[in-house]
Every structure is written in structure tokens, then in C-alpha cells.
Amino acid sequence: MRSPRTFTFYFLLLVICSSEAALSTPTEPIVQPSILQEHELAGEELLRPKRAAAAGDRVAEEYMVDIEISFENVSFLESIRAHLNNLSFPIRGTEADILNIAMTTVCTPAGNDLLCFCEKGYQWSEERCLHSLTCQDYDSALPGGYCSCLKGLPPQGPFCQLPEAFITLKLKVRLNIGFQEDLKNTSSALYRSYKTDLERAFRAGYRTLPGFRSVTVTQFTKGSVVVNYVVRVTSAPLPGSIHKANEQVIQNLNHTYKMDYNSFQGTPSNETKFTVIPEFIFEGDNVTLECETEFVTSNTSWYYGEKRSDIQNSDKYSIHTTVINNISLITRLTIYNFTQHDAGMYGCNVTLDIFEYGTVRKLDVTPIRILAKEERKVVCDNHPISLNCCSENIANWSSIEWKQEGKISILGNPESDLESSCSTYTLKADGTQCPSGSSGTTVIYTCEFVSAYGARGSKNIAVTFTSVANLTITRDPISVSEGQSFSITCLSDVSSFDEVYWNTSAGIKIHPRFYTMRRYQDGAESVLMVKTSTREWNGTYHCIFRYKNSYSIATKDVTVHPLPLVSDIMMDPLEASGLCTSSHQFKCCVEEDAGEEYAVTFHVDSSSFPAEREVIGKQACYTYSLPANLPRCPKDIAVFCHFTNAANSSVRSPSMKLKLIPRENVTCQDPIIGIGDPGKVIQKLCQFSGVYGSPGQAIGGTVTYKCVGTQWKEESRACISAPINGLLQVAKALIKSPTQDQKLPTYLRDLSVSAGKEEQDIRSSPGSLGAIISILDLLSTVPTQVNSEMMRDILATINVILDKSALNSWEKLLQQQSNQSSQFLHSVERFSQALQLGDSTPPFLAHPNVQMKSMVIKRGHPQIYQQQFIFKDSDLWGDVAIDECQLGNLQPDSSIVTVAFPTLKAILAQDVQRKTSSNSLVMTTTVSHNIVKPFRISMTFKNNHRSGGKPQCVFWNFSLANNTGGWDSSGCSVEDDGRDNRDRVFCKCNHLTSFSILMSPDSPDPGSLLKILLDIISYIGLGFSIVSLAACLVVEAMVWKSVTKNRTSYMRHICIVNIAFCLLIADIWFIVAGAIHDGRYPLNETACVAATFFIHFFYLSVFFWMLTLGLMLFYRLIFILHDASKSTQKAIAFSLGYGCPLIISSITVGVTQPQEVYMRKNACWLNWEDTRALLAFAIPALIIVVVNVSITVVVITKILRPSIGDKPGKQEKSSLFQISKSIGVLTPLLGLTWGFGLATVIQGSNAVFHIIFTLLNAFQGLFILLFGCLWDQKVQEALLHKFSLSRWSSQHSKSTSIGSSTPVFSMSSPISRRFNNLFGKTGTYNVSTPETTSSSLENSSSAYSLLN
């Protein structure tokens, strides 16, 4: 028996040979099984054309041949599959080619049966499925879908076939008979009868359609009887074929069904293909819509929008129809320059017989999105810079173009990648293309994307070209000596740059506070300025202008020659007494410098003498001996030493004083201290007193001696140990160093280590203690940020000096320098404000004598700040809290730092020790950023005095006691926390201000009796003023017609009304400002600026209206023959009264507010300390007072000595005289008011000036009502006339007729006479300006404590 492989080979060879033989012989016997099936379905007429063609011109035809292969071994199946897959097609023959061989059907035995499966992609025909037994019917467990497998091979083809693409025609027709309900039931006999008859008729009629396959009735509905059915065909109907088929249906259907021929309706589905080109539409594209059908017709159309507007050929649209092979049709609509307005629904209609083919598509415009950096800066240094453009859109781009527009033309090299939708334009500009004159010129480069369909999208890139800066630096060599100043000027010819800085030769940046920078239109300038040079400034310095990655550098060498500073020269003696018959030695010592020897001379009177040099330890000492037997005695001699270095720079020491006395006056004598008479007090440097170590050590400080009896007694000692003194000298040099911020961390570490080693000396020596305080004060002024490690070193040093064992040294130190404790606290607060925690965890730093806690404010995550401090050794505790609302007003990333001290209370303000004082913590809380709004803080202290006394919450005010500092209770109060616990005191603090701040830059001490008195006067006076001014305006309104009958009276009352109105508004704004900065409402910066502006404006308006009144009087008396109209006078008056104040107040706020120095930090009034903006109010007011006084003198003189012919009418003279009275009284009052205001400016002025100033200003409104309004005789008469009864009128007439009745406020009344005698018959009182009496808390500490 042959092997399977041999059998397979012979079989395939047979297939191929048989195929080739078949292609050379008549084909009819071989293809018969295949074409018989075709003949049965489609009719004989379809086969004949093929045969005619084959027998005629031998035109190439395609045949499908079914070959059946049988074999016994199932494993052959995979071998056949593999062999067929490896064949290469086509297989060429002499007269025919085999195009493809595909396996379609596989039958395998299953018991006694044969199961036939379709290969993937093939299926049994519907006819076979309906009339054959499927595998699932044989065994439901077999895999595969229904009808993918048949039981038994069909007796006569076809086998499995490729699935046909059917066209389903949905139709309906009406039967003109009555509808019966059984037609809804698919299992009823009536339904089956109708379905069978109709399908038979439909099949007979529609089988004439090309590619007909089946027809099925799907439903019967009402409307007579409406028959719904579907016809399945493989090709589109030909025109007119449906009508013919419908006629055949009518003919083949029983007439009893009464089918209505005109009721045939139909709509096909899935037969129209709609294409949009391009897929993504950009604005400007030419868009083509294609509608393709599988049939041919001439009835096509296009429409747009929901209203189905018909589209015709035009400039915008083009419609074109194409027939392909006479079997399909494509209609195209082209839309030119598609815009956003063209977007919407588009549809095509193709009509064939009773069918309407069509589809709809919505078209949208996609914006062209181009990514590019819109601004670039390019330095003309010949380095390539790339401009990049990329489109986010996936599109068929035809090109990417670059264009430029600008004053200068700099071309680049474009490179585009259309597949990635990106383009790069590389610029390489050099100095010749952008000279210095064109530096900063901007050129617009445009990248434009062009699609294959016409759309264009562009993006502009603004490129600013900057020339490389040419730097010019100070030419002259810089050679200075220590202590001298120098500056280096660096000029750039380019004004565009990103950064300017200075470097040392080691690459260390110099702190910006040492240099300035100014930018000009055509360049820039930076100046390095050093006020006090040290040896650390010796070296090379680089001026660097950076623009992007381009650097322009200029260098300058600086030579600093050593020269001792005056403060570094140690002298002996400072002052001394000596015998006339003895020689006396003078000594000047400086730190020994190996590289420099000074020429030193001693100067006595007008003579100079060379010095002798001696090195003692680390010091170089220069001495001179004054010879004995001077001609005159006693005599006072002043001696100083003069140092000259190699650069011929010199410095002289302070004078050493020697008093020559006879021997008989000497009672005290010591070889080191010297001689002296009783009561003599002298100072010696500790270095030369022999009280500290060896003479060569750099010991600081002084010792004071007093001659008592025959012995020198040491009165006080303020010596500084050598290590601490060395640190002090380094600290003084560090704050002048160019690299101070880099050196500060190392220095603070060394300071804490040295403080620990010298702990005993610091706590026992006031001098060393004072040196540490001076060091901390110096270092706290270094403008740099403090980190946690630096703060740790600072607190370690503070812990040493605040120990209880150092309290005696503190007391002695404060007796010598009373501000040292306040200075120490101030330096701690500066360090706390400079602390920057960043993202690190806030540290808790704890020592026995100081603790620190902190928090960082995060954006969007406000939380309560609450910290507690416990000092068990001191039996003290306290906590501080700031609520979430207050923290929300802080800038993000602000640091809040609280430092607590258990012993500082006993050190601060020694005068407190003389009172009953509560021993409590001192807690200082600082914020790293400026606080714009008032800040409320609450604290709780342990109460160690529960038995008696009233606790008082206080804060440290640095400005008290001539800036020595003191405890202040302003804005702090003891509150009830609801716990009823006498062991604790709950405090709330909110800084307040008082009213006298308006004119005086300084203010009375908060909480003092003077401050309270000024507050009371201000509030009462303002209340009276507001009521009086309102009453004045009401009175003027009532008597207006009676008192304004001539122009002079009219203008006078215009001025009085405006004065009263302006002062009333000013007083109201004054109260608003007081409410803001008194803390009743949060201090809003905008509200405070507004209050300051309106107070300034309306108070100035009061004075300018007063000036208007004076000038009007002057005009009426001097220019008698010139009479201006009312409208002219009013225009001038209002321009002067409101225009000038508006200009002054607007300029003031415009100039100062951008720098945030318009108003004070703690009050709503003009700034004094920073900008002297207060002068914008005081100077105009005082000038107006002087002018009005001068006018008053002239007017009174003119009235008393009238010229002939110049006398005005009686009524005019009465008005003028009344005005002179008003000016005469009002102006002196104003002058006195602001005279006292000037007095309050003087530092330490008497409290009487504050009281008088506040009294006169607060009651101005009342004075205006009395003297400016009610004292006017015409006003009195008008009021009496308006409110008198007939009886009173009769009596008044009678009294008037006999001349014995006078109004109570008339010039001749007794009361008026008293005023006339008092004021010299000059009239009424004029308007002054109220002052805020606010206490300045700008120098207040944030340290709080508790007083009892």
C-alpha cells in the first residue's frame, strides 16, 4: 500500500495536470457541475453569451471549478492545506491561467454519517440550509454556528460558497379589503394563507429582477390591509424593472385580494455609499462629497441644512455626476473655500422608480491648531536658534511655509517634516545683522501650514533680536585703603538683558545691596558702590550682563591697602594725669599685619614725632615718650597718633589727654593706672589695665577707676574676653564683606561654639555680654534668608546670655547702656522674620532659656496656628493662637515664628522691677511677609500672682522712652476665656492708634493720660462739629434769599456754605478712618487709601475756600471800579476751592502710592517717616493762613482809611465790613491752630501744644456755626423775622423805631461787645482742620507679656 505522502503527491500532481489539460481542451464537461447550478437559478439565457464568446474571438473568461477530493486518512487534510498555501499564483498555462485554489468544504466521517463543514469565510447557501439536515440537528453538542455544517454531502452542488452581498428592498402594498385581527397572529390559518398566496405572487413577479434571491412577507397592518414585505437581490434593479415586476405580481395574484397597483411603495437600505474628502475639514479647504449607488439614474440632487435647501451649481458649489461601467453612479458635490458658516448637514438624493436613495452627513470645521512659542529672544552671537512649529491636527499637508516681517531682515533655514506635521526654522544671527542701534527690534516670523485641499493656518512668532552687550568699565585703576569708599561703573550699550550681577574672581556673587542698576533707552548702567572697604574687597571683580545664555563680562582689579580703622586703634592712656617733672609714654596698638608696615607719628600740639614699633603677641604697638620738664605746668596736653600706609593714605587716632599737675596734688599713684588727685575718674582699655591675661591678647572693653583717698578703686569693668572680642571684630568686618551672606552660616556656627566655651565669662562679664548682643544686632541686619540650622545656632547663643546666672551682668549692662535689652529683642525678631522654612518640617528648637516653634502657610490649606511653650525649670508656660481667618489674609508660603523666653521679662525695662510685676513668659511672634491688614492674636499666660493684683496684657514698644523701649498696653486686653480659671490669663491684642497723628509725626505714648485726654477731646469735639456744621447748612438754606441780595454777600455765603460742607465731609471721613485703624473693622488697604485721600482733599478744600473768601474780599475793596459777574466769580471760586485741592491730593497719591508709601503703616493718614507726604497738606494750609492774615491787614487798613470816590454803597460796605470781621476772627484761629500743629512736630514737645491743637481742631464746626453764621447780623434778623409771632414783631418794630432794641448777636449788643472787645472788633471765627490723634505703632514689637 502506498504511503500517505506518496498518495498526496500523486493526487496534487493529478489536480495540476488535470487543470492544465482542461485549459487546453473544451471546458464544458469539467465545469458542468458548477454551471448547472447557475443555470437552475438564473436561467439558460445567462450561460449562452459566455459560450458564444468562447466559441468566437476567444475573449478571456473566468471560470470557477469545484473539485472533490476523497482520501481515507484524515491527517492528509493538513498536508493538503499546507501545500495549497505554499502555491504561488497565478499558475501559468499555454491557453489558461489558474488564478486561485481555495479549500471551501471539508467532510469528515462521524460514525456512519458524514459531516460537512464550511471553511473560514465560506457558508452554505440559504437553499441548502432550508432543505438539508444540519449538524446541530444531528448532534447539538457540535461546534459552529447554525448552518455552518450539514449532515451528508449534498447529492448535487453547490458546495460552500462565499457569502453574497444582498440588497434588501423594503416594500409595501395595500389590499383594498377589510382588515381582520387574525392577520396579526402569525400562527393563524388566515395569516398563513395570505402569506403563502402573496409570496407566491411576489416570487413570480420579482424573479425577473437581476440577481433575485427571495421575497418574504414580514407583516400585515391596518389601513385596509397593508402588506409589508422584503425582496432580496444581489444587484440593483434596472430602471423600470420594478414597475414591470409589480405588474407581474398583480397578474399572478388572485383578484379576490384586490391589490391596489398605485399603492406600491418602497425604500431600499445600505445601497448608497457617502464619502467626504478630506476627512477632517479645515477652514479654506475645497471639500468634495461623493454619493455612490449601485444603479444608474439621472434623477440626483443635493441639499443643505435641516430645511433641505436645494444646492445648485454656482461659484460656491459644483455638482458633477459620473456613471461607471453603466452599472453604478457617483454624484459629486464640491464646496469651495469651506468656512465655519458652511458647516452643517449635507445630503444627496438619488431616485429610481418608487425608491428614493439618499444619505445625510454633518460637516464640521476643525480649527487648525499650531503649537509654537509665541515669543523668542535671540542674541546676535552667531549661535543657532530654532523656531519650532507643529500642528496638532492629523492632516495631509502639502507644504509648510515661513515668512518674516520687521524692520530688519534676518533669514533662516527651514526644515519641514510633513508626516510629523512639524517645521523648524533655524536662525543664526550675528552682530552685523543686528547692530547696537537696532538692539531690541522685534521681527514677526510666521509659519503657515497649507493643506492638500487649500486650507491655510498660521502662527506668529515674535522674535526679539538683541545685540551682544559691549561693556565699558571704569578705566582708572582703583587703589584705596581700608575704610575708604570706591565705586566701579559698568556701562552697556544694550538695554535688553535678563540679569545684571557682579562676581568676585572666585565666582561668588556679590549681594545686590552693594550695586545699583539703571536702564536707559539705548543702554544700561550698573555701579558697584562700597562705602567702607576692607581687605576682603581686594581682588578682581566681574560685571556681568546676562541675556538668555549669552554673557557679557567686564573685569576690574581693586587694590585695598591695609590701614587701621579708627575704631581698631587701641590707645594708652585714654586720659591720665602726670607729674610735670616726669616723662610720659603714649602707646597706639593695632593688629599686627605681616604684609604692611605703617609710618606712624605722634602729634603733640603742633609738633610731630616718630614712633617706635614693637610687636607684642599679635599686636604691633607704636610708642612715644613725652620728655620731662616742660616749660609750663600745670598744662593739658592732647596727643594723637597718625598712621600712613604705602598708598600714602592716613588715619589719626582719637586724642589721648594728659593733664600735667604738680607733685603736691598727687594722692593716688599706680605704675599701670597712673597718678591722680582725689575724686579723679579715669578709663583705661582692658588691654592695658593688666586685669585680663597677657598684654598681647586682643582684649576689648574698658575699666573705670576712681581715686579714693590714696588708692585707685575699680568702679566698673566692661572687659570683653579675647575670643569674644575677636568674634566682634570679625562681625564688624563681615557686614562690610562682599560675601557676607555666604559667610554668615559659618560665622553663626562659630559664634554658638565660642559662646558655649566662654559661657562662664559671658554670664559674669557685662562687657562680653554686651559684645554678644552687639554681634547679634550686627548679624541680624545682613540681608539674607535664615534657615533652620542657622536659627539653631542663633538660639544656642541666646540660651547662654539669657541664663538666670547672667541677670546680674544684665543689670550692670543696662545701667551703662539702657537700650541693650530692647536692641537684643529687636535683633531676635529680625532673625525670626528672615527665617525661611520652605517645604521642610518646621523645627521645634528647645533650650532651657528659649524655645521656638513655627509654621508655614500653604496655599489653599489654611489652618489654625496654635503653639504651646512649657518651661518646667521656671514654672512658666504659655500658648499663642491665630485663627484661620487671620491666616487666610497672609501670603502663601509665609512663615509664622514664635519665640518664647522665660527670663527676658526680668531683663526688659528695668523700671518695671520697681513695680509689682508678674513673672511671665515673653513671646514674640513674627510673620515673614508684610501684614497689610490688622492682625489679631490671642495668648494665654500662666498667672503666678493669683492672690492679688490685676493682670495687664502688654507688648514691647520700641519707640517708648526715647527709643529705649517699654511695655505698652495699647490694643491689648485681658479677656474671659470662659474657663473661670485663676491660674491663667487670656489676652487678646490688636494695635490701636490715637488721633494726634494727623499733624504730628510722633504721638503721645499709648495708654498715657495725655493720649486718653486727646481721645476724649477728639471724640466730643468731632461730635459737636458734625452737628454744628449740619445746623449751619440748614440755617444757610433757610436764610439764603434774605442774605444774598448783593454780589458780595452772595459770594461770602457761597464760601461759608462750601467751607461748612467740606469740613462736614472731612469729619465724617475722619471718623471712618478712625473706625478702620482703631481695629473695629479689618484694615483694608483700599479703604484706608480712600479714607486718606478724601480726608486730605476735603481738609485742603476748607483752606482753599477760606483763601477764596479772603481773595474775594481783597478784590471787592481794591478793585472797586472793576465789577465781575456772579458766574465769573463762581467759576473762579469753585476752581480754586475744589480744583487746587484735587490736583494736590491726586499728585500726592499718584506719586507715593505705587511705592506703597502714601499712608502710614498703622494709620489712615499721610506718611511722614518715608516720604514726608504730610507736607502736601501742611504747606498749603500754612501758606493760606499767612495769605489770609496779610489780606485781613490790608482790608482792615482800607476800611479804616477810605479814599475819596472809592467808598462803596451802604449795603456793600456793610457786607464788606462783616467779611472783614469774619476773616479777622477766623484766620487768626486758623493760624493759631496750625501754629500749635507745627509745635507738635517737634520731638518731645510739651503736652500743652497737643491739647490746644486737638481742642481747636476738634471744635471747628462749632466755631463756624457761632462766628461764621449766627454772628452775622443779617442772618440773625432773617431768623428772627422767620420765626417771630405778630406780638414779637410789633415789639420788635417798636423797639427798632426808638433805637433801643438790638439783636442779641448784633455788633452793639452787650454779648457782642464782649466778643468785640475780646477779638478787637474783627468779626467771626473761621474754619480750622481737625487732626487725627493717632499713636504711631510703627516701632512696636511683636513681643507680648503680662503685667500685674
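Cβ from N, Cα, C; glycine included.
Here the structure is a predicted model, which means the values were calculated and not measured.
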* Would you please say which range out of 257-272, 401-416, 737-752, 993-1008 has the annotation region 'Tethered agonist' in Swiss-Prot? => 993-1008
* Asked: According to Swiss-Prot, which residue out of THR366, THR841, THR1302 bears the annotation phosphothreonine?
  -> THR1302
* Based on Swiss-Prot, are MET529 and ALA1087 on matching sides of the membrane? -> yes
* Out of ASN286, ASN957, ASN1084, ASN1188, which residue gets the N-linked glycosylation site annotation in Swiss-Prot? -> ASN286
* Please state whether DSSP places SER818 (phosphoserine) in a helix, a strand or coil. => coil
* With DSSP, how much of the topological domain 'Cytoplasmic' (1114-1130) is helix, how much strand and how much coil, in residues? -> 10 helix, 0 strand, 7 coil
* **Tally of DSSP helical, extended and coil residues in the topological domain 'Cytoplasmic' (1041-1055)** => 12 helix, 0 strand, 3 coil
* Structure fact -> The average per-residue pLDDT within the topological domain 'Cytoplasmic' (1114-1130) comes out at 77
* Asked: Other than its own, how many Cβ atoms are within 10 Å of the Cβ belonging to SER818 (phosphoserine)?
  -> 16
